[in-house]
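Before any comments, here is the structure.
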Amino acid sequence: MAKVMTVRGPIDHPETLGFTLTHEHLSLDFHHFYVAPPPGLDVYVNKKITLQNVGYIRQYPYSSAYNVNFEDDETHDAVLKDVMQYKACGGGAIVENTSHGINRNLKLLYNISEACSVHIVAGTGHYVQAVQPDSVTHMTIEEMGDLYTKEILFGTQVDTAANETTMIKCGMIGEVGSSWPITSFEKKAIQATAETQCVLNCPVTFHPGRDKDAPAEIVRLYLEAGGKADKCVMSHLDRTILDHGDLLEFAKLGTYCQFDLFGTECSYYQLNNTGYMPSDEQRIQSIEMMLQEGYEDRVLMSHDIHTKHRLTHFGGHGYSHILNNILMRLSLRGIDIKTVDNITIKNPAKWLEMKV
């Protein structure tokens, strides 16, 4: 029987997960992506978030060392409150995408799941090469695949908040990160992911480099190594493939197409100087186009929260933004509740189910 593996154990009936965010972070080390602030602005961004500087930090989120520290106690307290709010607003599950290289925190995921009664799925896999130590980049494809298999089938021993020891199993591989061009290590990670997926029939999710050709190249490598398209999510398409024609061409490959930066609206995208960050309105337009072209069963939505300023405690929208603000806008555009449920409940459950 197909199940979904969460940090607190298997869910025998995947459809009971409820509303699911398929790409979030509850804790991670993102300091590698710090960007020096523009001249004269360091005095505003290099301090705690206040009413006086939050505007600067929203514009230059990666230029605040405080903001990109998403693994301190202050962040964890704020995340806990936001997940509680998410539950109160109708949320059922969160897929936590922090993988090896950015400091996954399984103990925290378990404790938050227990405290909030929200299903949380943890991921294995490797993030981009730039955050990996040499000991990891020298791993063989077989060693990487063995690690993924172990963390899915047998789990990792963790001490919980109740001073008990438990084995936490991962419920997917991801996010598997790659740059552009894709490095040799990242190609190994993609191949190891595909080979493991082929054996376990587990769900996987990829983080593409910031180039419109990156998603298709990842899928090519993944399929050639034996991975199944219908168990694969391509993340961040809203910031990667901006042209609707190109997006439809990618959709033909058969993966889930994820629009996971809802709530991120800024006039300058620091991590891609030659591109731009679409608005929520543009994300909705892309989803409308996908629905009109018959891809209702391939669309997923999320926020990819990974900096403090997007949590409600620090003036952000939190994990409830889609529930509170976007679903209403979808309804006003004539997208019926059945379609919304397919995108936010049925599609995630179908992607996450596996027989283990």
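Positions of Cβ are set from backbone N, Cα and C atoms, glycine also.
Quick look at what Swiss-Prot annotates:
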type    : residues                     : note
BINDING : HIS23, HIS25, GLU175, ASP304 : divalent metal cation 1 binding site
BINDING : GLU175, HIS207, HIS236       : divalent metal cation 2 binding site
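This view paints the features noted in Swiss-Prot onto the structure.
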residue: HIS23; record: divalent metal cation 1 binding site; DSSP class: strand
residue: GLU175; record: divalent metal cation 1 binding site; DSSP class: strand
residue: HIS207; record: divalent metal cation 2 binding site; DSSP class: strand
residue: HIS236; record: divalent metal cation 2 binding site; DSSP class: coil
residue: ASP304; record: divalent metal cation 1 binding site; DSSP class: coil
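Cβ neighbours within 10 Å of HIS236 (divalent metal cation 2 binding site), excluding its own Cβ and spanning all shown chains: 22.
Of the listed binding-site residues, namely HIS25, HIS207, the sparsest CB environment within 10 A is found at HIS25. Proximity to HIS207 (divalent metal cation 2 binding site), defined by a C-alpha to C-alpha distance within 10 angstroms, is shown by the following binding-site residues from HIS25, GLU175, ASP304: GLU175.
Its own atom aside, the Cβ of ASP304 (divalent metal cation 1 binding site) has 24 Cβ atoms within 10 angstroms in the protein chains shown. A separation of roughly 9 Å, to the nearest angstrom, links the Cα atoms of ASP304 (divalent metal cation 1 binding site) and HIS236 (divalent metal cation 2 binding site).
Long-range neighbours of HIS23 (divalent metal cation 1 binding site) (same chain, six or more residues apart, CB within less than 8 Å of its CB): VAL95, ASN97, GLU175, THR205, VAL233, SER235, GLN258, ASP260, LEU300, SER302, HIS303, ASP304.
Within 10 Å of the C-beta atom of GLU175 (divalent metal cation 1 binding site) sit 29 other C-beta atoms, taking all shown protein chains into account.
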